[in-house]
């Protein structure tokens, strides 16, 4: 074929394969969201509509990629966790990362109007601020975009620590931002003055400022703001699940090897389908302590749990 | 800070830096676009609206990332070329690839309605098929998404060969598709029969089938279908530009080294601004032969050319 | 300094950092050892002197790099295992691999004469073949060299499977080679005829050939040939050590995270020194079953064990 | 086969392929050579025997790997350049780097005695210091080893700048060391005092110190010390070779693409053989200016030159 003369250029392509048997975290970050949030008039310190749009986009991504075990989001970032045993796209890094980034972006852009403009109150939960009818429509001049990266974590403890890192960060930033904007919006300070005021303060100081000057009890702030958002497939909770899931013991299972082992292709496809059907939920809960994980062993094992009988969302 | 206990997880992150002084090509591909084009009823073999939407999204990407020298698109794929001297995002691969993918996706999704629904005829140029008013709106069930990858090419000739490879591919595929769909749509063949009919045929055979059976002269097909689309910043054409641009000679310039060398930061920023202001155009022309490149030395040198005096778009 | 004009070339250097908290295996392989073994007249199928030279070189490498937990060798290859928690050379791949390869090569070349020429019988153990006095001295025309690579294994089970893979390979190859050379040396077959004769045979067939035709009971072959060689630091064996070492449990230790955590630098240096002092031994034993590992928990934990009281080498 | 259960561990192996059509530089460095040079009593600031041993090892490596175009050495480091068109080991990085490191190490260890102990005066050229008969033989306690790394350079200018960087470094370090050791050995200063004395001095200052205090004209120092050592295949010099070699022009050759193109396998093997036969020489000359390269166009083109008629070594 005439093309053969040029086809040698394919030899310059490289596929990076993510190390098997490691947890893959794809983290996406909003690009220039500080500027974007000003442009579109996001509410400070937290814009409920914008956060819910993030959560919807994440729910779409989790729902459409069954290999994603759990996702955690805060502010304009989201982390998607793929199970250590996944062979999605043969674990090709670029393919995995760009698929997540593109899916998230598409869902975010398409969902924008619904979250910001149409004001389906019931859907958005009743809230003081509510959907702002006058929010500007998306324009090509200021498109929301996200960059992304993949990181591999070899042990369950590493993965847990990663997610704890993000949730602690959420807490630290939200406490700071809540106090900062109280000083600015209610205290009448300039941005610079508020920043100066908070320099060197610890958590206790900020809680005290909020309470004594503005009557705000930080503990009563919305869970979504304080805890971030956790998106995952929900099954029936288990009361006494062991924290030691199969993948680290390995004596009686092949999971510790990162290969599907005795699981046939038919079984794998069956699991994939079961995951597709499972309900994807969004919670604003602590994921640092063990409780969340003990009750949901399927997050670690990668195997579907028992279907939820009754609706028990928080 | 309390977070320090978990922050070690950052040590698992890796940044791949693309080799300096190489041309970077980011190629994006539509994911599952065969299915998607059926779902949304794209015209076969070419849907003018869909191609123009690709071109608009590419124009947005080129316009918003001045480091992109040229882009070439065909069907549901687009290749973006960053100049060998670029230091965009310190040449971090993930950042570059995901930024292009996310920007393209956002522009594609936001531009969908305009290209498919609103039917701004003048804008779309007059065409037999015209904007189809009844095309379905985008839904979350079938979001257009793109994956992407970056490839480095060390020499100008490698880069040219890459682009030639894509344009030859465009020709081969379009000739095949044009004949295939003529057999199906006008010849009443089933897909299988048409495929069988074309097995083993060479270009001449397909041209003959088109002409003798359907009175179609392939040469008269639209340039956008035959040549694909080239998106770049336009300056005044040069009549006798040398094909040997500075970067391969290197004796009298620092460009052959891939570092900005004597160019100060101020100068670099000035060039960046000049590039931002330049008009981004879309052409459907041959980029395999030298002529295109000889007339546009700025594509190779990375330096802005002379502004276009009069509007000379094709 | 005048050099600054050229120093930009350092920007083209890349350091690949091996993923933290994974077991690192550096495997080296003799280059062209088939030809080399003919050139220097190695005994077939196994040359005791050559294998012992491999083991001495490996012992030197393990002894001089305390971060190596265990090494396993067969034929002209050796695998060196670095503990998952190691930060040797900041886990830079090239540095780790080339240091092992270079150290092994240097020790192999320097040790050649002692193993092949000088005939210290006692040192070499008494053996039928004995040191061949007339073996040619090493020449520049046929230097023994080794290539190498590093592979990361995320779980203990993966590492165990890697080592089992090598030991099973040792068994398969040695049984084949023993039978092949019996057919050639004792049975008077040509190489081609022997190869043809063994085509399609399973283990049982080869054992049968050895026994019925040559009166060889494969089980009585030397352990070094059948099992390969295991090189590691020996401490007092433990009777009932748990197989669940700290790194996979992680609740009560920081080891599961791959960071040194609460271990101070002083402590780390102390451990390093203890490891330097420990006796490095070479055994020819089964490392597929658990027993070997259960008795030597220090291999998994990376912590020094109790010093050996009495000399208990096999 | 029984081994199949474990063979999955091969999936964790990765081969990094060096970008095609780039110059590959493998640089090796002596590990802990400061300590080693004290241990074996190397002459300071330069030990002629040790440098010649480096050169011999390098000559062996260049001679046994025809894909190496040129090598440059200074002190305990050596850089080996593989032609941009090479496909040695399919350009697998680990294989290339470890082969060079292992070959160099083996040749260095095997050559030690000849260079240090045996005192072949004629071979070592007559010199004031001469071979020191009493130099200690190599021992396992202090083995010379080398680490290594590979770097890719996309353009000829980058490669030239890399080599210039090393040669400038040689000059800077040698001038410093010559002055430092003159102050210590002839001036009776302590190491600390000499170091203090040289702090902040420029080249002119050091030349002045050497001349005025010790009567040393730095220009008369040995070329090997001042310029380092260049090892390459020698052919008949060309008087007026063009500096623009084929690989950057590319119009009339396929070399600019990094693929062998029209060169048949037979031809390639023929070239390989011709290179094997060519004489490998060691020079101590300037490689920063163009002259060296203009006279030896084969270094850039990768094609064998005309055989040398008469012996013209410097």
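Any Cβ shown, glycine's included, is placed from N, Cα and C.
Automatic, uncurated: that is what TrEMBL annotation is.
As recorded in TrEMBL:
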type    : residues                                       : note
BINDING : D:29, D:76                                     : Mg(2+) 2 binding site
BINDING : D:29, D:30, D:76                               : Mg(2+) 1 binding site
BINDING : D:29, D:30, D:31, D:32, D:33, D:34, D:75, D:76 : GTP binding site
DOMAIN  : D:6-154                                        : domain 'tRNAHis guanylyltransferase catalytic'
DOMAIN  : D:157-289                                      : domain 'Thg1 C-terminal'
REGION  : D:243-268                                      : region 'Disordered'
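The DSSP secondary structure for residue D:30 (Mg(2+) 1 binding site) is strand. Residues belonging to the domain 'Thg1 C-terminal' (D:157-289) score a mean pLDDT of 85 in the model. Within 10 Å of the C-beta of residue D:32 (GTP binding site) we count 13 further C-beta atoms, all protein chains included. The Mg(2+) 1 site, placed at the center of the C-beta atoms of D:29, D:30, D:76, has further neighbours from the same chain whose C-beta lies within 8 angstroms: D:28, D:31, D:33, D:75, D:77, D:146. Residue pair residue D:32 (GTP binding site) / residue D:76 (Mg(2+) 2 binding site) shows a Cα separation of 10 Å. Of all residue pairs in the GTP-binding list (D:29, D:30, D:31, D:32, D:33, D:34, D:75, D:76), the one with the greatest Cα separation is 12 Å apart. DSSP places the residues of the domain 'tRNAHis guanylyltransferase catalytic' (D:6-154) in helix, strand and coil in these numbers: 65 helix, 31 strand, 53 coil. In sequence order, D:29, D:30, D:33, D:54, D:146 constitute the residues six or more apart from residue D:76 (Mg(2+) 2 binding site) in its chain with CB-CB distances below 8 Å. Around the Cβ of residue D:75 (GTP binding site), the same chain contributes D:30, D:33, D:170, D:173, each under 8 angstroms and 6 or more positions distant in sequence. Residue density at residue D:30 (Mg(2+) 1 binding site): 20 other Cβ atoms are found within 10 A of its Cβ, drawing on all protein chains shown. Residue D:34 (GTP binding site) counts 10 other C-beta atoms within 10 Å of its own C-beta, drawing on all protein chains shown. The number of other CB atoms found within 10 A of the CB of residue D:33 (GTP binding site), across every protein chain shown, is 19. Around the Cβ of residue D:31 (GTP binding site), a 10 Å sphere holds 18 further Cβ atoms from the protein chains shown. Using a Cβ-Cβ cut-off of under 8 Å to chain C, none of the binding-site residues D:29, D:30, D:32, D:33, D:34, D:76 qualifies. Helix, strand and coil residue tallies for the domain 'Thg1 C-terminal' (D:157-289), in that order: 78 helix, 11 strand, 44 coil [DSSP].
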